[in-house]
Amino acid sequence: MRPVSVWQWSPWGLLLCLLCSSCLGSPSPSTGPEKKAGSQGLRFRLAGFPRKPYEGRVEIQRAGEWGTICDDDFTLQAAHILCRELGFTEATGWTHSAKYGPGTGRIWLDNLSCSGTEQSVTECASRGWGNSDCTHDEDAGVICKDQRLPGFSDSNVIEVEHHLQVEEVRIRPAVGWGRRPLPVTEGLVEVRLPDGWSQVCDKGWSAHNSHVVCGMLGFPSEKRVNAAFYRLLAQRQQHSFGLHGVACVGTEAHLSLCSLEFYRANDTARCPGGGPAVVSCVPGPVYAASSGQKKQQQSKPQGEARVRLKGGAHPGEGRVEVLKASTWGTVCDRKWDLHAASVVCRELGFGSAREALSGARMGQGMGAIHLSEVRCSGQELSLWKCPHKNITAEDCSHSQDAGVRCNLPYTGAETRIRLSGGRSQHEGRVEVQIGGPGPLRWGLICGDDWGTLEAMVACRQLGLGYANHGLQETWYWDSGNITEVVMSGVRCTGTELSLDQCAHHGTHITCKRTGTRFTAGVICSETASDLLLHSALVQETAYIEDRPLHMLYCAAEENCLASSARSANWPYGHRRLLRFSSQIHNLGRADFRPKAGRHSWVWHECHGHYHSMDIFTHYDILTPNGTKVAEGHKASFCLEDTECQEDVSKRYECANFGEQGITVGCWDLYRHDIDCQWIDITDVKPGNYILQVVINPNFEVAESDFTNNAMKCNCKYDGHRIWVHNCHIGDAFSEEANRRFERYPGQTSNQII
């Protein structure tokens, strides 16, 4: 039975409610029945998994029937009221989209609106009891402060046994504890109960049970174990059993969802004739090498669609994108649940899903939305095998992009890195633990060439989210007792799981600037921006202009022309310019702000405003083999919110020395007709080329994803006209489609597939 905790209104609460009702007058006819029912004894409980005793899905019993609350319009104020109904002092947070699993039965309340001062949930506005257009995929939950209300009566808790739940699962190696490489893939199953760790009786244990346990531990699949060996070993050891009768279907994301039984305190004969349950898990490709197992070559069927995660700070989390007709697209969050999320996680080589995310929690995608209303049983090998609805334009928007957080194997990587000297746990000087001859020791990292990509890996290894800044100097932070530099020349691609996977100098430490003043530091953040260029607009607005030199003095002053313009016969003649508009969207979860402070912004007389970034975008003309033949020379940029999505307000503007940046949900538009919004192609010969635009090319400002910062188009130039087509974000196509793009022979069709 699932763990629940139940409280009922105390007689004093009932008396207080009646007194308040007499003071305030009779309730209106439309809300009267609900308040009356509440005053006569609503019951509340927390349910779901995995959870602690002070958090969970909120369930209310009314007229003898249990039901849930929809998350529409749910706020922290409503959570405060519900936590007090449950006997806690206040709420510290709330959850949506059935984070603790979907409930059953009625959905009692929808559009619940509380001010936070109400004495009861019945005093909050809502659509009325039982009036809802939600599904249980939208069940709300609360996270209460672990502090009880003084004098609150909790004598109506159902039974003590119902508080029992499997809080955590681990594998304990039967032999060689502490000597095996991480992650541990085989051993005895142990579950953490309120009174400590216990083993599980293996009577009736099945492969389905192992599948669920391995999924919780971050492994996509399981394999058979040497039962005879473990049976012999069990006879020589003492055991502490706390759980038996486990019967999983195999699709559960958590052991708490399986049918299981807890031993009672007075049970003396535990697991008669049985032994401790044992599992052997198969790690995914990312973790196979570190666990000492060889990577298994998993052959995919011909034509099988692929899946990827984008925008996540950690491995195994992100926005779900699937490949259809050689183009990547997102998944609508309608009907999105843990079963579908677990299929994605296992397909990618991780365990089951820890969380099914909705509402573009991992940022919005751009382009196609391929799937909607995905309904998986949990047994499918690919998301495309699940029943789903063909998407139409009016069905979904990118504000509903689905995401996942997967269970990952424990590797201990976070124990080999730490921060010191910072003002908070999210910032500080980076210290790493290294081995070698002698004992393990902590040391610093040389700040030379340390940047955003290296900081991304450090923050990921620390478990602190995204990188906000990578710092080459840390003299302004408190100095610690660690002074030795043990790592230098660190160069990361940004995708590594830990710093020791990045290229570095090894044991030969080379640091140009010595001393702890110039060691590497980071500032991490839970959110980050994500910039994308609207590629279709580039294709629609591209054209050639022969602009007279006497109109280009300001552009020449800002170095926006090719070098050959210096020897031109000014003010006579002209320059041939490829002009286009660029619309840069921030689809992340944090505003994009320039790295430089206001004190260092540069005034540009030609434009009449300050520029906050020297290098924000590169414009290039490339040959098919990647050789650059022309480039845009825009000296610097001003960042502002030109337009925003509905219900998003502009925050940044260039005029009047305003704050600069791009708000989440807004975009900065550089129109084709402004100075320097071009590439000087005067010296380019006729032929087939690639137009490339790269945003934030030097990674000066941190983002959640840099792989979508480049846009490419095919160009055919005949010396008089130019055709620009096939414009797309750099990672929007499959690898095969991108290879065909690079081999572009010069056709004028807009289709490359």
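Cβ atoms here come from the backbone N, Cα and C positions, even for glycine.
Swiss-Prot names the disulfide partner of Cys144 among Cys70, Cys83, Cys201, Cys214 as Cys83. Partner cysteine of Cys201, as given in Swiss-Prot, is Cys271 (from among Cys134, Cys258, Cys271, disulfide bond).
Matching Swiss-Prot disulfide entries to the candidates Cys332, Cys345, Cys459 identifies the partner of Cys396 as Cys332. Candidates considered were Cys459, Cys492, Cys554, Cys560. The record in Swiss-Prot pairs Cys524 in a disulfide bond with Cys459.
Swiss-Prot names the disulfide partner of Cys281 among Cys214, Cys376, Cys386 as Cys214. Comparing the Cα of Cys727 (disulfide bond) with the Cα of every entry in Cys201, Cys386, Cys492, Cys511, these being the disulfide-bonded residues, the smallest distance points to Cys492. The CA atom of Cys345 (disulfide bond) is located 31 Å away from the CA atom of Cys666 (disulfide bond). For Cys554 (disulfide bond), the spatially nearest entry among the recorded positions Asn390, Cys459, Cys511, Cys676, Cys713 is Cys676, judged by CA separation. For Cys644 (disulfide bond), the count of additional Cβ atoms within 10 Å of its Cβ stands at 17 [all protein chains shown]. In this structure, the disulfide-bonded residues under consideration are Cys201, Cys492, Cys554, Cys676, Cys727, and the one with the smallest number of other Cβ atoms within 10 Å of its Cβ is Cys554. Put plainly, the disulfide-bonded residues Cys386, Cys560 were compared by Cβ crowding within 10 Å, and the winner is Cys560. The predicted model assigns the region 'Lysyl-oxidase like' (529-732) a mean pLDDT of 89. Each of the disulfide-bonded residues Cys134, Cys345, Cys406, Cys638 was ranked by the number of other C-beta atoms within 10 Å, and first place falls to Cys345. For Cys376 (disulfide bond), the same-chain residues that are 6 or more apart in sequence and have a Cβ closer than 8 Å to its Cβ are Asp337, His339, Ala340, Ser342, Val343, Leu383, Cys386. Distance noted between the C-alpha atoms of Cys560 (disulfide bond) and Cys676 (disulfide bond) is 5 Å.
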